[in-house]
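> Encoded as structure tokens, here's the structure I'll be asking about.
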Amino acid sequence: MALCKAEVKKVADELGRPLTFNVQTFGCQMNAKDSEKLAGILETIGYVESDSEEADFVVYNTCTVRENANTRVYGRIGFLGNLKKKNPHMRIALCGCMMQESHVVEKIKKSYRFVDIVFGTHNIFKLAELIYARHTTKKMVIDIWKETDKIVEELPSEQKYKFKAGVNIMYGCNNFCSYCIVPYVRGRERSRNPEDIIKEIKQLVSKGVVEVMLLGQNVNSYGKTLDEPVSFAQLLQMVEQVEGLKRIRFMTPHPKDLSNDVIEVMKNSKKICNHIHLPVQSGSTELLMKMNRKYTKEDYLNLVDRIKMAMPNISLTTDIIVGFPGETEEDFLDTLDVVRKVGYDSAYTFIYSKRSGTPAATMENQIPEEVANERFQRLLTTIRESSSKISKDDEGKIAEVLVEEVNEQDNSLMTGRLSNNVLVHFKGTKELIGNIVSVKLSECKGFYYMGEMMED
């Protein structure tokens, strides 16, 4: 890192100004956390962050969960190429899940020769080394690791928020759902040592963080790869003991692995937020088998019953795919049945799209677009009906809200988040950001509330 830092300083001195950087994040919260580390490394070697993609060093941290995500990135890379013509000092780096696919790297080499650095998901800690290699060789640097069992600790990180932070507890995925590319680009499951996780959280709290989001592709698998196994329930109990930490969230649990121990820990916790994101994907047992989800409709509903028995007011959200290959009207009605029985606060809904490299992409009986679209609209209607009934129940109540930002549409309002992950907008000032305040939930607006802050 020292060699790269010296090289960056040399160029900055020649230009008579600091070199700037910009990191653009595509995709999930795992990518967002990786981008914070990339920003931390760039600041450590002497770059200064910029909001503009006209910066001297631009990083695209890519997502490849859907084919259109790739298309979007290719378009943006072309835009960067035009910017680079105007700025000979500009450097472009591409990383993330998309770069783990060999055909993507080949396309970058042939069609986007102005790109300087290409690396993947397993070696972001090498960014400074790769930058130095580009400075010295004057050629495109490509460094893709297909697999790794390495977890590098103590990387510098530049948090997006001062009051909340994501904390990786594990990397990779072993589930191989038939529609999903993630295990192929993120690798097999690897868990961080609990001591390293707790150390990071304590450091974050010392800097003012009051809420952490524990991150993993399947957090319920945490600890299985450790020399001395630790369960996710045990880790939650350890995190609960961190003084000064006020809220704990986690994402994402897999329904097949969410244990009674985790439910019990949540029930007794004073810090774990009243929310579980529990992806169902489909309500049809037959489709769940094709998806390789490893649970049935009945298994899922029984799990929801156990959760609600322990925590009657729990907020549940989910992911649902419509139009998976072979989906019949009966299969779809099973999905609507689950939505009605569970009563989700909200749902991330998707029309299935082929993802090359996954088993589902070659399955027979792909669903016609018009059929999938019609079912999608019926699903949205059912979810809205369900969520509005649930949200209305909390109108008039007073709840604790973590204030996150000035409202984007009206700067006289602040936007905060309830324990159940629902947004609340209310009159206030930016000095409240990062504080937990009491707010009366005056009016439900569907997926958010208008509120009134209560005076002490």
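In case you wondered, yes, glycine gets a Cβ from its N, Cα and C as well.
Predicted, not measured: the structure shown is a model, and the values here were computed from it.
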> If Swiss-Prot says C28, C97 bind [4Fe-4S] cluster 1, which of C4, C63 does it name for the same site?
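It is C63, as the record lists it for that site.
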> For each of the binding-site residues (C28, C97, C180), count the other CB atoms lying within 10 A of its CB, then report the residue with the highest count.
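Most Cβ neighbours within 10 Å: C97.
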> Tell me which residues of the chain lie with their Cβ under 8 angstroms from that of C63 ([4Fe-4S] cluster 1 binding site), as long as they are six or more apart in sequence?
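When sequence neighbours closer than 6 are ignored, C63 ([4Fe-4S] cluster 1 binding site) has F26, G27, C28, N31, A69, V73, G96, C97, M98 within Cβ distance under 8 Å.
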> In the domain 'TRAM' (392-455), how many residues does DSSP put in helix, strand and coil?
4 helix, 35 strand, 25 coil
> Under the DSSP assignment, what numbers of helix, strand and coil residues are found in the domain 'MTTase N-terminal' (19-136)?
63 helix, 23 strand, 32 coil
> Who sits close to C173 ([4Fe-4S] cluster 2 binding site): which same-chain residues at least 6 apart have their Cβ under 8 Å from its Cβ?
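The answer is C180, V182, P183, R186, R188, E189, Q217, N218.
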> Taking every residue in the domain 'TRAM' (392-455), what is their average pLDDT?
94
